[in-house]
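Database features, via TrEMBL:
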{"type": "ACT_SITE", "residues": "B:Asp48", "note": "active site, nucleophile"}
{"type": "BINDING", "residues": "B:Tyr106", "note": "substrate binding site"}
{"type": "DOMAIN", "residues": "B:4-100", "note": "domain 'Pseudouridine synthase I TruA alpha/beta'"}
{"type": "DOMAIN", "residues": "B:139-243", "note": "domain 'Pseudouridine synthase I TruA alpha/beta'"}
Protein chains: 2
Amino acid sequence: MTLAYDGTNFAGYQVQPKQRTVQGVLEKALTKMTKGTHVHVDGSGRTDSGVHALGQVISFDYPGMIPAPSMLRALNSLMPLDIEILNAEIVPEAFHARYSAVGKRYMYKVARGRYTDPFKRLYTGHYPYPLDVDKIKIALKDLEGTHDFTSFAASGGVIVDKVRTIYEATVTEDQANNELTFEFYGNGFLYNMVRILVATALEIGNGRRDQHDFLRLFEVKDRQQARGTAPASGLYLKEVYYPSLDEIAKETRKSH
Amino acid sequence: MTLAYDGTNFAGYQVQPKQRTVQGVLEKALTKMTKGTHVHVDGSGRTDSGVHALGQVISFDYPGMIPAPSMLRALNSLMPLDIEILNAEIVPEAFHARYSAVGKRYMYKVARGRYTDPFKRLYTGHYPYPLDVDKIKIALKDLEGTHDFTSFAASGGVIVDKVRTIYEATVTEDQANNELTFEFYGNGFLYNMVRILVATALEIGNGRRDQHDFLRLFEVKDRQQARGTAPASGLYLKEVYYPSLDEIAKETRKSH
């Protein structure tokens, strides 16, 4: 299933005791549908508290046969207003929302202007200082390719290999709304990586960092030097990419 | 002062004991600035819980001389993120945000589509049924002019005279966002009037009411017959109109 959610009132995607989480809400609704059998939901990845999704992907084994459109309607009718299920599909058994994913696209929205716009505070980061957007565009080119992102990963992560490939890193300016929209498309992202990349890109655009500081930060492999993390409110998980279902089904047959 | 606010987390504009209100937040901040002297704030009118403002106007007597731009900066720095002060001006003593107002403009946003979009739920009403927007456009023409709005006022109001003039009532369609935006510009609005007008207009657009049901409802003067009230989340106080400050100052001299 593909879903959108407003992350504001969730303690993130992943289940946590006594907290309202996206996974928790989904599993509770599915347990209601099965009349008591717990259904475990796998997400393509966690999103933090306040982080939004336009296209989060989840997978689960449902104990029963329900056509996908009926499942979509039934589960949506049990969803709170801050989650909307956009699509449902029956997938090969080998499909797993996290392990089958081959890429992800994140979006980050930054509101400019001196004060925080009340209607944007939960849906953008805010940067009130001057920016040279062309400088940011040039800097983002340095991100494309395969790099060691150690400088851009929140400490405390358990993942050892911090090499990732970014296929595309762009920024567009929406003059009418006085906003910037970043997009990052890559094969995987470390914890807080997008928010740290955005904070660094804004410092480059403001002139507080050198034009090619991303390249230096790849070299030094030091989280302390990237410093800032842009707020969760501006971040959206936009799309998760998978091989075709045929290819996934073939993989299953091979592994049997 | 002119201000914008996201009404979601306020129990409306007007002060209420133990509730978070816009007036309450403003008066508390001003009392902080005066180091303890209470400053009463007058608004152009109340907005209900969940109703937003793009251009609410307030007035108050501040015990001290602060240039308007400094007042703007100082008060904004004490505001929570869901209120933004847009403009500050020193006005003649006779100016009163409510009593000096000669007109108001409200906007109402309706999201269409089968399910509620998580990102719109707090900022639009939602109408999932078919609509003939041209029918709504024709119906809104019936509202323009001076009419008795008894059928469109929430019961419980204390105002006896329910005659108001609407100068302009329009709807525009935003195909890209699948939204309708209503605007109502008039000399004054009764309690819940815009929300009841929108609910009725949508029923006309859906074909559940006659094309010219507004005219019938003016005649019958019966709140029961208009029935629905569109949700607070779609309503925005967009602009409040005043005579020029010169005219207001002249009024003062006359009345002395």
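Placed from the backbone N, Cα and C atoms, the Cβ positions cover glycine too.
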For the domain 'Pseudouridine synthase I TruA alpha/beta' (B:4-100), mean pLDDT (0 to 100): 96
Per-state residue totals over the domain 'Pseudouridine synthase I TruA alpha/beta' (B:4-100) - DSSP helix, strand, coil: 25 helix, 17 strand, 55 coil
Per DSSP, three-state class assigned to B:Tyr106 (substrate binding site): strand
B:Asp48 (active site, nucleophile) and the residue listed as 'substrate binding site', distance between Cα atoms, whole Å: 13
For B:Asp48 (active site, nucleophile), nearby residues of its own chain (Cβ under 8 Å, 6 or more apart in sequence): B:Gly7, B:Gly12, B:Asn192, B:Ala232, B:Leu235
